[in-house]
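Here is what TrEMBL says about this protein:
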- 24-99: domain 'Ubiquitin-like' (DOMAIN)
- 147-427: domain 'Aminoacyl-transfer RNA synthetases class-II family profile' (DOMAIN)
- 239, 270, 293, 400: L-serine binding site (BINDING)
- 270, 271, 272, 286, 287, 288, 289, 357, 358, 359, 360: ATP binding site (BINDING)
- 402: site 'Important for serine binding' (SITE)
């Protein structure tokens, strides 16, 4: 039995893969991509081409026979042509079915090939990632620091125990000022990013599995981060990147509408399969959280500069809150399949005693858009400043970046702004968003 046909088809340039097979093989190795099988893709592509040739040859023969039948013929000759036509028809039917099956297999295999990688991306594991920027420095404390769990307990800000009974581990209730912080952080992040020309969105938080796949995430399998809804083809989103990516699915945008820049608020749900250890305690790694996400659709020649812009926005936001952080150019093995290049921001968390990732910005180039059908029609400039649209379309480039992942931001704020008397200061820019609250004090 052959595999079921793919439910959706990415617009993959198979010829380009064949013409660049050496570079792609190296790229798959550098990324440690276990899902991709380049040899299979190349073999299937050759098979598809040769079966296609044979199909074309038989179709041509069938046309010759059909044309001969049009004239005056003696009955014996006509009978011979009818027989010949039938044999060709049967042979063609078998080959056409083969071609469909092979094309489906090729599609499935090629959809597992990861994106190409920016030439400056360091090759290797996470420890090979290079530091792009270092901002501020760790705050000096004249008293023993507490981690956010201890602060939360002393200030009555969260309840992990009740959440574990109600929902399971890695869930939490926020209480008192922590709720004001969550709502304030979301409003602050959305309004700051809107000032920079982004359109605000809230999104559905349940999406079709196919849209998750098109964005380059694996909804199934043992190590998936995606919660699937039983008895349906739907999933809970792990990030607003997925529904925002789907917003313009299968459409042709006008060049004048680009770039499209969105800032989206959503809840995010992650199974966190395979994640364990003390490094994930408290609010650092959880199954459900609020996030404000930036997403850009732009022309191909603009994506590198938009990538820099997204990182700059992130750095501006975190600097304004007085955080100490470093920005990393992530190494090849740390890039997901869709990312051409990824910059992570890791902030200093003094209570946990380490840097923790609070943000990530990726340029996906046309990897997602070829899957989501996100194209635009370039305009041609003509004399007299007139623009005419061309018939050819191009794929847009997509980028995404975290403006604010709420629980990790709460970790940063509590641990960095704790005072000797056990209270926590609220940084200046957030105060208008939390009803003027300046300090969180023990009850």
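Just so you know, glycine gets a Cβ as well, placed from its N, Cα and C.
Taking the centre of the Cβ atoms of 239, 270, 293, 400 as the L-serine site, the nearby residues of that chain (Cβ within 8 Å, site residues left out) are 237, 238, 240, 241, 242, 268, 291, 402.
The subset of recorded positions (270, 400, 402) lying with their Cα within 10 Å of the Cα of residue 289 (ATP binding site) consists of 270, given in sequence order.
A sphere of 10 angstroms centred on the C-beta of residue 358 (ATP binding site) encloses 23 other C-beta atoms. When the recorded positions 239, 270, 402 are screened for a Cα within 10 A of the Cα of residue 360 (ATP binding site), the ones that qualify are 402. Ranking the recorded positions 272, 287, 358, 402 by Cα distance from residue 293 (L-serine binding site) puts 402 first. Across the range of the domain 'Ubiquitin-like' (24-99), the DSSP-based residue counts are 65 helix, 0 strand, 11 coil.
Computed over the domain 'Ubiquitin-like' (24-99), the whole-number mean pLDDT of the model equals 89. Around the Cβ of residue 402 (site 'Important for serine binding'), 26 further Cβ atoms fall within 10 Å across all displayed protein chains.
In space, 239 is the closest of the recorded positions 239, 400, 402 to residue 272 (ATP binding site), judged by Cα positions. Taking all protein chains in view, 23 other C-beta atoms sit within 10 angstroms of the C-beta of residue 360 (ATP binding site). Non-local contacts of residue 400 (L-serine binding site) by the CB criterion (under 8 A, 6+ apart in sequence, same chain) comprise 239, 241, 244, 245, 293, 294, 295, 296, 310, 361, 362, 364.
Ranking the binding-site residues 270, 287, 358 by Cα distance from residue 402 (site 'Important for serine binding') puts 358 first. Residue 270 (L-serine binding site) and residue 358 (ATP binding site) are 16 Å apart (CA-CA, integer value). Around residue 270 (L-serine binding site), taking its Cβ as the centre, 20 other Cβ atoms fall within 10 Å, counting all chains. If you take the C-beta of residue 287 (ATP binding site) and look for same-chain residues 6 or more apart in sequence within under 8 angstroms, you find 167, 168, 170, 171, 269, 270, 271, 272.
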